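Visitor: Here it is, the structure, as structure tokens.
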Amino acid sequence: MRWPCSSRFRGLWPEAAPWAVLLALGVPGWVLAVSATVAAVVPEQHVSSAGQAPLDWLLTDRGPFHRAQEYADFMERYRQGFTTRYRIYREFARWKVNNLALERKDFFSLPLPLAPEFVRNIRLLGRRPNLQQVTENLIKKYGTHFLLSATLGGEESLTIFVDKRKLSRKSETLGGVPVVGGTGNSSAVSLETLHQLAASYFIDRESTLRRLHHIQIATGAIKVTETRTGPLGCSNYDNLDSVSSVLVQSPENKVQLLGLQVLLPEHLRERFVAAALSYITCSSEGELVCRENDCWCKCSPTFPECNCPDADIQAMEDSLLQIQDSWATHNRQFEESEEFQTLLKRLPSDRFLNSTAISQYWTMDANLQHRYQQLGASLKVLLKKMHRIVRRLFNLCKRCHRQPRFRLPKERSLSFWWNRIQSLLYCGESTFPGTFLEQSHSCTCPYDQSSCQGPIPCALGEGPACAHCASDNTTRCGSCNPGYVLAQGLCRPEVAESLENFLGLETDLQDLELKYLLQKRDSRIEVHSIFISNDMRLGSWFDPSWRKRMLLTLKSNKYKPGLVHVMLALSLQICLTKNSTLEPVMAIYVNPFGGSHSESWFMPVNEGSFPDWERTNVDAAAQCQNWTITLGNRWKTFFETVHVYLRSRIKSLDDSSNETIYYEPLEMTDPSKNLGYMKINTLQVFGYSLPFDPDAIRDLILQLDYPYTQGSQDSALLQLIELRDRVNQLSPPGKVRLDLFSCLLRHRLKLANNEVGRIQSSLRAFNSKLPNPVEYETGKLCS
């Protein structure tokens with residue numbers, strides 16, 4: 001006799017088997033129950049119908065549930081398309097079966113009437129049997145449990161299998177057409193109708209079945225099955241609704257089993273429990289071991305893979321492969337959907353669409369957004385199911401020699417779909433479209449396709465992108481943005497023309513060459529200038545104490561206004577009388593392009609990285625030295641006038657620290673107390689002169705107000721910006737560059753202040769429109 005799976009077990013550990021085998025107890029003259037053995041379960045393979053979700057997680061060998069008739073009926077209906085089941089049932093019980101042998105032992109304290117063969121097998125085990133002996137002599141012959149009590153009864157049920165797709169189509173077709181039953185009542189064919197009919201089955205059975213059969217014939221969307229079961233002659237159902245009926249749902253009316261170890265001697269009980277658990281859990285292929293909340297089978301040498309259920313693992317791996325196929329199918333259906341194809345047709349073809357432009361069209365399409373959300377919901381369900389299977393798969397493979405083989409699909413991001421649209425637009429000239437690469441504006445074609453790239457329109461945008469595509473050929477630019485010029489269908493940065501006609505700024509004089517020429521005092525790098533001073537004359541001795549500060553001026557351009565000069569070095573030859581304690585101190589002011597003395601900048605000698613004076617002896621007898629400060633190519637600057645303020649200080653030796661100290665001399669009224677005399681032989685500026693055409697620059701400025709074409713105005717602005725930057729680049733060192741360009745306009749072109757301001761504003765406005773504009777702050781030098 002086989003008992004239902006809802007039976008209750010007592011006596012074994014919680015890891016006991018989900019079903020049990022009943023023990024035969026012999027009583028003199030009669031048999032209480034017959035023994036049963038475990039039947040080998042044959043796995044049933046099911047294949048789900050096309051277009052429906054697989055049920056492989058149910059199809060492996062998991063016990064008697066898969067051999068039940070109810071499960072077989074469900075799978076059969078599922079293959080036919082009925083995805084939903086409604087079932088209403090009631091159970092009844094009338095006969096209670098108890099183990100009389102146990103009652104006899106409990107009430108009368110009599111020994112159990114065990115079968116002689118069972119007792120003989122116990123004695124054959126001895127005092128310390130191994131698990132294999134217990135399994136062979138007891139478990140395989142008598143099972144693991146025996147019957148304690150049970151309730152016998154039956155069941156009456158009504159099962160309705162529903163195909164929701166057919167039901168919804170029939171409802172839309174019929175609309176409000178009534179479904180007439182035997183009683184004349186009418187209602188729409190819907191799930192609510194089925195709910196009401198199922199609920200009224202036990203109240204009015206005949207009428208309910210008649211109406212359900214009518215719906216089944218009319219729609220074909222449901223299958224109705226009526227089941228009545230009951231053991232031991234329970235074929236009379238007339239009084240099922242009477243008060244004497246007992247429902248099996250009550251807790252006391254379940255099958256109760258007791259572990260067989262309670263019948264064994266004390267020394268065999270623990271070994272029997274271990275053998276029973278190993279037999280049930282490990283299928284006699286190993287020994288069950290439990291440690292630290294984890295149990296596994298210690299495999300015997302004959303079955304080294306007893307912990308590795310290959311059939312279950314293979315079934316789960318197959319399920320993961322099917323989910324991957326479903327994942328790819330969902331993505332393909334989204335790409336082939338009406339919403340996606342509609343977006344492709346709406347995209348403009350007269351210009352190139354980058355990812356940002358496609359994302360804007362994507363965001364504005366509400367229907368596509370809704371369809372994309374549906375795709376995400378479907379993939380989320382698949383991913384959740386896949387994670388669940390993967391967790392179970394890793395648990396099963398925890399003690400396997402091989403690791404599971406699977407690949408988790410990744411959800412495609414929005415950027416993937418935007419690139420997919422680009423690929424369909426620009427790489428679809430073959431059977432299978434290639435992959436578009438936005439960085440290189442090219443296509444990567446499939447290996448079996450020689451070419452898949454179609455015409456790619458020009459890209460519109462700022463900077464080097466096109467302002468408009470050509471009307472006759474959309475792959476080429478028709479016009480460009482400010483700061484760029486059209487060349488062979490492409491926009492290239494517009495470069496200012498050469499400034500040689502206005503101001504020659506190029507030189508190839510290197511620092512080593514300059515240093516060599518300065519040592520030789522080469523006249524080829526000397527800038528001719530006029531020496532002016534009211535305090536002294538060149539080549540004459542003078543008393544430095546006569547004035548506290550003397551002004552020496554070198555002025556160029558007095559007779560050559562068509563040149564501007566660049567200073568690379570400044571040199572003075574200073575002579576002192578013998579035993580003189582005076583030391584010359586010079587402050588240098590440079591005026592770049594003329595104007596008042598206040599429009600000069602101070603030279604920061606020996607401050608930061610700025611060079612210091614270099615002194616070389618010329619005449620030891622007269623104590624003459626060349627004082628030279630070399631600016632080089634790094635610190636070179638424009639000059640028109642150089643002002644040298646000469647002071648003197650007294651050099652002395654500190655006896656305490658053995659260091660040289662300087663202090664200012666006092667004004668001497670007595671000539672006999674003179675501290676020495678000084679003589680300046682030469683004052684020279686070394687550098688080079690640049691050709692300068694003020695009239696050409698004025699003509700260039702006139703094009704800002706009276707352009708011949710827009711291109712000529714842009715070209716003039718570019719040249720003026722280039723000239724401004726090149727001039728200001730020779731600004732003296734400091735935190736902020738000085739605005740030498742305004743000084744050039746003000747003093748060499750003789751422009752008014754408001755005219756200079758207007759030109760600077762025009763240059764700043766045009767420069768802001770150029771690609772990668774470079775703006776820098778400048779300090780005011782000229783008023």
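The backbone N, Cα and C atoms fix where each Cβ goes, glycine too.
Pulled from Swiss-Prot, these are the listed features:
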- 85-281: domain 'MACPF' (DOMAIN)
- Asn185: N-linked glycosylation site (CARBOHYD)
- Asn354: N-linked glycosylation site (CARBOHYD)
- Asn473: N-linked glycosylation site (CARBOHYD)
- Asn579: N-linked glycosylation site (CARBOHYD)
- Asn626: N-linked glycosylation site (CARBOHYD)
- Asn658: N-linked glycosylation site (CARBOHYD)
- 1-33: signal peptide (SIGNAL)
Visitor: Compute the C-alpha separation of Asn626 (N-linked glycosylation site) from Asn579 (N-linked glycosylation site), stating it in Å without decimals.
Guide: 18
Visitor: Of Asn354, Asn473, Asn579, Asn626, which of the glycosylation sites has the most Cβ neighbours inside 10 Å?
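Guide: The residue with the densest Cβ neighbourhood is Asn626.
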Visitor: Calculate the distance in Å between the alpha carbons (Cα) of Asn473 (N-linked glycosylation site) and Asn579 (N-linked glycosylation site), and round it to a whole number.
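Guide: Pair distance, Cα basis, whole Å: 88 Å.
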Visitor: To the nearest whole angstrom, state the Cα distance for the pair Asn354 (N-linked glycosylation site) and Asn579 (N-linked glycosylation site).
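Guide: Between the Cα atoms of Asn354 (N-linked glycosylation site) and Asn579 (N-linked glycosylation site), the distance comes to 83 Å.
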Visitor: Need one number: mean pLDDT over the domain 'MACPF' (85-281).
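Guide: Reported value for the domain 'MACPF' (85-281) is a mean pLDDT of 74.
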